[in-house]
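A.B. asks: One structure follows; several queries about it will come next.
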Amino acid sequence: MSEAGGCRGCGSLVPQRTPWSLVAATTALCLVSATSVWTAGADPMSREEKQKLGNQVLEMFDHAYGNYMEHAYPADELMPLTCRGRVRGQEPSRGDVDDALGKFSLTLIDSLDTLVVLNKTKEFEDAVRKVLRDVNLDNDVVVSVFETNIRVLGGLLGGHSLAIMLKEKGEHMQWYNDELLQMAKQLGYKLLPAFNTTSGLPYPRINLKFGMRKPEARTGTETDTCTACAGTLILEFAALSRFTGATVFEEYARKALDFLWEKRQRSSNLVGVTINIHTGDWVRKDSGVGAGIDSYYEYLLKAYVLLGDDSFLERFNTHYDAIMRYISQPPLLLDVHIHKPMLNARTWMDALLAFFPGLQVLKGDIRPAIETHEMLYQVIKKHNFLPEAFTTDFRVHWAQHPLRPEFAESTYFLYKATGDPYYLEVGKTLIENLNKYARVPCGFAAMKDVRTGSHEDRMDSFFLAEMFKYLYLLFADKEDIIFDIEDYIFTTEAHLLPLWLSTTNQNTSKKNTTSEYTELDDSNFDWTCPNTQILFPNDPLYAQSIREPLKNVVDKSCPRGIIRVEESFRSGAKPPLRARDFMATNPEHLEILKKMGVSLIHLKDGRVQLVQHAIQAASSIDAEDGLRFMQEMIELSSQQQKEQQLPPRAVQIVSHPFFGRVVLTAGPAQFGLDLSKHKETRGFVASSKPYNGCSELTNPEAVMGKIALIQRGQCMFAEKARNIQNAGAIGGIVIDDNEGSSSDTAPLFQMAGDGKDTDDIKIPMLFLFSKEGSIILDAIRDYEEVEVLLSDKAKDRDSEIENEDQPSSENDSQNQSAEQITSSSQEVDSVDQESSEESSLNTHSESLSPADTDSAASISPSEQTSNPTENLGTTNLDGECTDLDNQLQEQSETEEDSNPNVSWGKKVQPIDSILADWNEDIEAFEMMEKDEL
Ligand code: DMJ
């Protein structure tokens, strides 16, 4: 990519190549204009008020840092309740949490650059001297590679970056001679043995003194690591390489990133939470933007900013598309399965995902950032802090809060991007809550339970590294900071690395990168950057208008449901059965149905119908649960049907000897020429080479001006379309590679795009199952020249049924055969992965048949958890609690009226296979529910 093309319309703040130099941010450019254009909305905060709040942040920092230095230093952390230091091995083990503690004065190192941001230069100078004098990086301690990298290596590098900046200014740090950098290099070499795996993914832990191999090391037997653990190294490692000229660090970090990219799930472009460092197999296949994955995405985008390597942006954009397609359900961000991304993996969110709106600002996608941030803010207003995990209906799932900074981080970035003083008010609330609920005489204590306000004897180092930095910067004007923050990028621990590194010691670039990006489609690139002139054209109320509909999203969630579920948790009873969890083969579920007055009727045609008679429920509470269950089921079914009722298309063979009598039912595509809006496409057919159409055709002369036949499989449908279009084809027919498949026995689906812009595809594309496709292939063999018509004139099922009753006309034998090969199924599902292995996910089965009086729904297992309304339970985003009885009744009736096709699904996948498939999903879901972050 050319530098000029990198960012359209962004201008440039920093002399280097990238628009993303706006980052420290990202938004630097945008916010300059945003803050100056602000004219309306919430009352702008006065300079005095901002200064007051800034001073308050300084006082709070002094309280936290002062108490750490007084009562804990040189220990790693302060124990703010008992006013002493936490020393590894001397306190009861807290499991993985302790892996961050390496007897290296963690909090001091993590605080270094915060001191400079907060204009405490003298304290910084003292702190650096203490680090050089006291810190030992050679302790016999097993530490987390990830934590040591982001907190200690990042802390040393951030300290070094600002030390040289200060030295250059000529007033402070004149004695400094790169000593922090030398320590960072020493630590870097200590971490390198962790990368000694065939995959290049680092072991999760290393012994600072004994490395990996020595018997004393007490590590090196792990097989798995988290994606963020392996994918959050590049900023620090590349900075270390570029500062020192030792290329090895950047090379190792790049190799790990390359491997993760290679291992992404190819059809969803998502990554799982944990991966086997030896085999590269995904161990946990759930995928979100929070715990376990978060900073992997962050580092892809920021690596592009810092290093100017386009491949990182391309990877980020590919993942981002997938996140927005599957995980983002604004304002929620919900984990899904990487192989079945339409299937939610859990019904709760973790607090770490609160960084994501900030990253979205960096990417320039402001609207969802505002939405998610607003939802999170409402959760905070309800519980004072963001609980470690909370459900989709905003109940507390895990009640701790270790003073995490992610929400403050996103607030800062959103303020920078929008200039909306609302975000200053948000910051003010954060300050108030910290002082009111977390402040203790010896510092600030983590919350053990946000509901009760109880404390934990813990103050994590990231509280000083990040929280105070973002809060201070939120209220600071340019002149309040002694250097230009826009010249730096924030690491995930908010350490500052200078953007000039992008042009220094670049010799490691791309050494280990795969060649694959070059094969990817350029249209996936999003080279634009946040620009408030475009984002808020003449409308300073933009951010407010996005927040407005979400104003009461948390408060107005239905309390009845919440209380009910919480009560059942408290009493040890099981929570009510949710529609998405229901399995028709699970006897326990059938028992619950019975209690709720719901009966399961197996219809003759294989469909399953659910009917509820409230009067038959065991109690009024069970009846209400039954109604809720039915409502959820109806929502699921109705959503699914909406997606599925798409008209089929037709491929008609018009040449000799068929003369239009063979009409094959075909699936449409979500891209290319829409045959319902345009005239049919007519042409001779030709097989493409390669037959899968996944690369440039080697026989363009054969398909030029013709309709190309391509086999399903190996790559995305859209990619095939592009390849045949480039070879000059005027249309394409994808033929299923599943031998024996037919639209008689399988529901049709529409071919979805590849998550990128598919406007470039102009030709019509249709899908034929194998049996129908082989009719065309046989015809080519027998008659060579075969001409077909692609149209939307699929045989109408009703007329077909009518025809079945008609006696055959005299010369109708060929018509009859055409009838036989014309599918009667009118249900068209959507398949976005080309791989046929995935098709079962999208297979539509029993359709809704709400025939009974009380309420009825059918079960339709595939993709059912993808519906956000389902995840919100009885909450809707307008904040209204649903009137279950009325709504259910209404929905039940509308369903019947508006779905004339509800009983069409006669040609269905056998129930056993559907249930087996569904069962598998549910089992995976249940397993993940049990997992801890
Ligand atoms: C910090 O150590 C880093 O931000 C990390 O990426 C995950 N979150 C913690 C603070 O919550």
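Cβ atoms are placed via backbone N, Cα and C, with glycine included.
What TrEMBL lists as active site, proton donor is GLU147, GLU388. The active site annotation in TrEMBL covers ASP294, GLU406. Residues or ranges marked as compositional bias 'Polar residues' by TrEMBL: 808-822, 841-877. According to TrEMBL, the domain 'PA' annotation covers 688-774. Feature annotation from TrEMBL assigns region 'Disordered' to 796-908.
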A.B. asks: Quick one: DSSP breakdown of the domain 'PA' (688-774) into helix, strand and coil?
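C.D. replies: Across the domain 'PA' (688-774), the residues distribute as 19 helix, 18 strand, 50 coil.
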A.B. asks: With every protein chain in view, how many other Cβ atoms are within 10 Å of the Cβ of GLU406 (active site)?
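C.D. replies: If we count other Cβ atoms within 10 Å of GLU406 (active site), we arrive at 24.
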A.B. asks: Measuring Cα to Cα, how many angstrom lie between ASP294 (active site) and GLU147 (active site, proton donor)?
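C.D. replies: Distance (Cα to Cα, whole Å): 14 Å.
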A.B. asks: I'm trying to understand the geometry here, so how far is the Cα atom of GLU147 (active site, proton donor) from the Cα atom of GLU406 (active site), in Å to the nearest whole number?
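C.D. replies: Rounded to a whole number, the Cα-Cα distance is 16 Å.
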A.B. asks: I'm checking region-level scores; what's the whole-number mean pLDDT for the domain 'PA' (688-774)?
C.D. replies: 90
A.B. asks: Provide the number of Cβ atoms within 10 Å of the Cβ of GLU147 (active site, proton donor), excluding the reference atom itself.
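C.D. replies: For GLU147 (active site, proton donor), the 10 Å Cβ neighbour count is 24.
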A.B. asks: In the structure shown, with every protein chain counted, which of the active-site residues ASP294, GLU388 has the densest set of Cβ atoms within 10 angstroms of its Cβ?
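C.D. replies: Within the set of active-site residues, the most crowded position is ASP294.
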A.B. asks: How far is it from GLU406 (active site) to GLU388 (active site, proton donor), counting Cα to Cα, in Å?
C.D. replies: 12
